[in-house]
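What follows is one structure encoded as structure tokens, with my remarks underneath.
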Amino acid sequence: MSAENGSPGLPNGGVCCATDSGRCSLVGNKVTVVLGAQWGDEGKGKVVDLLAQDADIVCRCQGGNNAGHTVVVDSVEYDFHLLPSGIINQNAIAFIGNGVVIHLPGLFEEAEKNLKKGQGLVGWEKRLCISDRAHIVFDFHQAADGIQEQQRQEQAGKNLGTTKKGIGPVYSSKAARSGLRMCDLVSDFSEFSQRFKLLAKQYKSMYPSLEIDIDGELKKLQDYADRVKPMVKDGVYYLYEALHGPPKNILVEGANAALLDIDFGTYPFVTSSNCTVGGVCTGLGIPPQSVGDVYGVVKAYTTRVGIGAFPTEQNNDTGEMLQTRGHEYGVTTGRKRRCGWLDLVLLRYAHMINGFTALALAKLDILDVLSEIKVGVSYKIDGKKIPHFPANQEVLNRVEVEYETLPGWNTDTCNVRTFEELPENAKKYVRYIELELGIPIKWIGVGKSRESMIQLF
């Protein structure tokens with residue numbers, strides 16, 4: 001059979017192309033990935049919402065309900081933490097991958113809260129698919145998270161600033177091979193119960209002050225097992241068939257961001273998963289050649305929640321203005337976000353790891369009132385330029401930032417809908433970022449709504 005007509009033995013008649021090595025490689029659909037390029041809260045939800053309108057499947061690949069995405073549709077503001085925000089597309093399947101950690105009470109509570117807000121989540125249970133290999137966050141993981149933070153505060157005088165959602169402890173259980181997965185929950189419940197009791201006992205011995213109502217938790221988990229069972233699927237096979245079947249738009253919604261990545265972020269002030277592009281493959285069970293466009297989402301300035309190094313932070317009137325105008329409060333914790341100038345050193349580093357094919361520049365309108373705008377272009381230590389983004393936090397805390405000053409535009413851009421309509425200096429700011437990073441900017445955000453995303457190409 002010719003390649004044009006499909007090859008025997010391949011799913012759905014997938015096409016087999018000979019490679020230079022003579023081996024056969026499958027050609028199928030590719031996933032489009034949206035990732036945060038800074039410390040989170042860049043506006044990924046809005047980019048995902050834009051792309052999700054045409055998507056057949058929208059996936060989450062890592063993290064848990066520590067993430068926070070806000071999406072505004074028909075003047076209704078939906079808040080997502082664990083559910084892929086693409087679930088508001090009635091024609092798409094929302095897929096939670098094996099790299100995600102799931103707190104079941106949080107999942108159902110989030111869905112119910114959003115159901116009360118508008119029509120977006122009607123029928124969500126039929127549109128949600130969960131990998132059977134995803135790990136489960138228990139209430140005692142969350143309680144342990146709080147105790148760990150308290151211990152850090154008492155012992156070191158500072159904590160990590162976690163969301164206390166149990167993310168670190170559950171990923172620790174996963175790495176220690178003592179965690180429980182969705183496949184365990186929906187299979188033999190008596191076997192699940194035994195393993196749950198053993199894990200709870202381990203946590204109780206590590207944290208004697210921890211109170212665990214084992215029987216009460218198991219009863220709740222049995223109820224959740226019945227509700228969630230129809231949603232649980234073998235995620236590897238599900239996505240393999242989607243990738244190698246008829247044409248489909250598959251979107252991956254990254255949570256957290258590059259500088260919060262467990263390996264490449266500002267460790268230890270990071271999250272507990274890989275939120276760079278490698279986490280897409282390991283968190284969904286797909287090969288690298290199935291990854292297509294990788295869109296990085298960048299705020300027109302920089303923000304960070306919690307403690308940790310932040311070279312371009314502005315502890316002054318500028319920082320306060322950005323915080324106030326940008327309504328910079330965490331969706332998950334309600335904490336004030338720290339604010340500062342755009343940092344190109346940080347973005348170049350994020351690009352090295354992720355290979356962004358294009359960027360979305362969010363919240364440009366927040367800069368509308370400034371007469372001049374600074375951009376961090378390089379770092380110095382002891383008066384000498386350093387060519388890289390430092391791994392060591394003590395070093396990163398000591399860097400001096402060299403800034404380029406660009407003229408502001410002092411014009412309201414909230415109602416602008418095309419690039420040509422932007423003030424001249426706003427256009428220059430956008431083009432300057434593109435030129436310095438060597439990455440095209442595909443979207444510019446000038447407001448909260450879906451309509452306020454200007455598409456350039």
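Heads up, the Cβ atoms here are built off N, Cα and C, so glycines get one too.
For HIS69 (active site, proton donor), the same-chain residues lying six or more positions away in sequence with a CB closer than 8 A to its CB are LYS44, GLY45, VAL48, ASP79, PHE80, HIS81, SER85, GLU253, ALA255, VAL331. If you look up Swiss-Prot, you'll see 40-46, 68-70, ARG337, 363-365, 445-448 marked as GTP binding site.
When other Cβ atoms within 10 Å of the Cβ of ARG335 (substrate binding site) are tallied across all protein chains shown, the result is 13. What Swiss-Prot records for ASP41, VAL331, THR332, THR333, GLY334, ARG335, LYS336, ARG337 is substrate binding site.
Per Swiss-Prot, the feature Mg(2+) binding site maps to ASP41, GLY68.
Residues annotated as IMP binding site in Swiss-Prot, with sequence analysis given as evidence: ASP41, GLU42, GLY43, LYS44, ASN66, ALA67, GLY68, HIS69, THR163, ARG177, ASN256, THR271, ARG335.
For ASP41 (substrate binding site), other Cβ atoms within 10 Å of its Cβ number 28. Taken from Swiss-Prot, the feature active site, proton acceptor covers ASP41, and the record attributes it to sequence analysis.
According to Swiss-Prot, the feature active site, proton donor maps to HIS69. For the recorded site, HIS69 (active site, proton donor), the DSSP three-state label reads strand.
For the binding-site residues THR163, ASN256, THR333, GLY334, ARG335, ARG337, a Cα-Cα cutoff of 10 angstroms around THR70 (GTP binding site) retains nothing. Residue density at THR163 (IMP binding site): 23 other Cβ atoms are found within 10 A of its Cβ, drawing on all protein chains shown.
The binding-site residues shown are GLY40, GLY43, GLY68, ASN256; of these, the one with its CA atom nearest the CA of GLY334 (substrate binding site) is GLY68. According to DSSP, ASN256 (IMP binding site) sits in a coil region rather than a helix or strand.
Within 10 Å of THR333 (substrate binding site), counting CA to CA, the binding-site residues ASN256, LEU364, VAL446 contribute nothing.
Proximity of LYS46 (GTP binding site) to non-local residues of its own chain (separation of 6 or more, Cβ distance below 8 Å) is seen for THR70, VAL71, VAL72, ALA362, GLY445, LYS448, ARG450, MET453, given in sequence order.
Comparing CA positions across the binding-site residues ASP41, ARG335, LEU364, the one lying closest to ASN256 (IMP binding site) turns out to be ASP41.
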